[in-house]
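First the structure, in the form of structure tokens, and then the observations on it.
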Amino acid sequence: MSSIIPAPRPLNALAFLACLAAIVGALYLQHVDGLEPCPLCIFQRVGVIAGAVILLIASLHGPKNIGVRIYGALTTLAALGGGAVAARHIWLQNLPADQVPACGPGLDYMLEVFPLQNVLQQVLAGSGECAEMDWSFLGLSLPGWSMVVFAGLLLVGLIQMFRPLTR
């Protein structure tokens, strides 16, 4: 089985490029197509960026055995955190219209006015703008595509954590 698994460094580099493509795509949709991200979208971007940074450092560092596993564990944590936010976002988008939470203040305002813990609670509770589906591709909304990215990150992280040790 290990013969079909790429070496750690190229796998990390490839996953980093996938994260980079996801972020570039999100920025294109925001700045070229005018699709403003909701607070949950911004949190998902943070998850993808965290995964990208971990993968870039891992691919540049090129550690052996325990280092590969540590970077894999960190990648897995980023994927699980981002995936949880994406799952919450997908759930909000699929609520019946009468159960959608009211729109709240923007993330910038909340960060200026409220303590960080309150901001996290309010963002994860969701708001009306997070329930809107303004864009889809192949039947998936942006949070759906984020979930695909996080599933890929999770797979890479688990492969790195449980790959056979080398000498």
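Cβ atoms are placed via backbone N, Cα and C, with glycine included.
Keep in mind it's a predicted model, so treat the numbers as computed, not measured.
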Shared topological domain relative to the membrane, Pro8 and Leu116, Swiss-Prot: no
Cys19, Cys41 - which one Swiss-Prot pairs with Cys38 by disulfide: Cys41
DSSP-derived helix, strand and coil totals, residue by residue, for the topological domain 'Cytoplasmic' (1-11): 7 helix, 0 strand, 4 coil
Secondary structure content of the topological domain 'Cytoplasmic' (64-70), with strand meaning DSSP E or B: 5 helix, 0 strand, 2 coil
Neighbour count (Cβ, 10 Å) for Cys38 (disulfide bond): 25
Summary of DSSP states over the topological domain 'Periplasmic' (29-46), given as helix, strand and coil counts: 11 helix, 0 strand, 7 coil
Beyond the flanks of the topological domain 'Cytoplasmic' (64-70) by at least 6 residues, Cβ under 8 Å: 8, 58, 160-161, 163, 165-166
